[in-house]
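Copied from Swiss-Prot, the annotated features are:
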ACT_SITE  Lys35  active site, proton acceptor
ACT_SITE  Tyr258  active site, proton acceptor
BINDING   Arg130, Met306  substrate binding site
MOD_RES   Lys35  N6-(pyridoxal phosphate)lysine
Amino acid sequence: MPRPITAVIHRQALQNNLAVVRKAMPNSKVFAVVKANAYGHGIERVYEAFKAADGFALLDLEEAKRIRALGWTGPILLLEGVFSPQDLFDCVQYQLSFTIHSEAQIEWVEQHPYPAQFDVFLKMNSGMSRLGFKPQHYVQAWERLNNLANVAKITHMMHFSDADGDRFGQQGIDYQITAFEEIVKDLPGERSVSNSAAILRYQDQLKSDYVRSGIMLYGSSPDYPTHSIADWGLQPTMSLRSEIISVQHLEPNESVGYGSNFVAEQPMTIGIVACGYADGYQRISPTGTPVLVDSVRTRTVGRVSMDMLAVDLTGIESAKVGSEVVLWGQSSTGVVLPIDDVAVSSGTVGYELMCAVTARVQFINQV
């Protein structure tokens with residue numbers, strides 16, 4: 001019998017979350033962002049749910065090829081563009097759109113030796129300062145591309161750094177969208193500005209012909225704890241489940257786990273769960289991180305080890321060897337433990353937890 005830890009992927013929840021995007025931005029085309037192997041869910045596992053999107057956005061060519069191999073004939077956008085001149089040949093072969101964010105990438109397109117009709121997304125660095133042309137250099141970059149016979153379409157693109165909250169005491173999007181609009185207002189072309197946080201928080205304020213929905217598709221709130229997934233109508237798409245494999249009874253002053261950093265203050269019962277940091281659960285998750293045991297919310301106790309962790313069974317009379325444990329997601333009876341609750345307790349974000357689940361965990365698709 002295999003080790004009992006599984007990651008259940010809920011197709012219905014994926015479809016629900018895509019529908020939330022559509023409802024929020026009914027006049028926009030929707031890119032489903034599936035970078036990092038669909039945020040740890042697996043591109044092949046989410047494809048059926050997301051093929052109702054208008055396109056897929058991802059990072060590298062191998063992921064793009066996997067999408068094409070599944071039968072997708074619609075748009076695919078490389079969010080970081082090409083990494084070498086040779087990649088442009090694959091863009092032609094697989095009909096890929098790509099971001100342009102640097103002088104080098106423009107030069108590669110200018111020097112491409114064969115006829116092509118590239119669909120590019122020109123990125124402005126409107127304030128995040130990772131990729132893109134600063135506003136004062138953006139028009140020059142656009143003009144260079146617009147003069148090329150092998151560039152068929154240019155979409156204006158930017159990425160918000162603070163759409164999930166405030167920036168220096170102002171609404172998080174204000175600084176960047178002002179800089180962006182001032183430059184592109186007189187240039188032809190469609191726009192792609194909204195990420196998950198902007199889709200949900202500023203749907204009535206932003207014009208975005210293409211939206212790039214990422215974390216919201218996977219059942220994590222982009223502005224937690226201000227809003228939960230329930231507030232946005234989102235559903236958890238990944239449930240990391242395991243079982244209790246041992247029950248231990250602690251007396252006062254007895255400890256559990258490496259470092260003895262949890263010591264019982266009174267008699268208590270704990271369960272040992274088949275899940276550890278080698279499965280992708282965070283080693284730094286402290287005592288008190290929420291879990292579900294038999295659909296009842298409780299907490300972890302002690303240090304997470306490679307293959308196991310301990311949970312407090314106080315008040316859970318049904319708990320025994322074989323009891324279901326939900327590390328995040330939803331239980332088999334439908335009780336939800338939001339991944340954001342676990343992430344905050346662990347000092348991280350839901351994105352990291354999803355992406356960290358390792359290959360030794362069995363994935364199960366649930367319709």
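Every residue gets a Cβ built from N, Cα and C, even glycine.
Known features from Swiss-Prot, placed on the structure.
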residue : record                       : contacts (Cβ under 8 Å, 6+ apart)
Lys35   : active site, proton acceptor : Ala57, Leu58, Leu59, Glu63, Leu79, Gly214
Arg130  : substrate binding site       : His159
Tyr258  : active site, proton acceptor : Gly302, Arg303, Ser305
Met306  : substrate binding site       : Gly276, Tyr277, Ala278
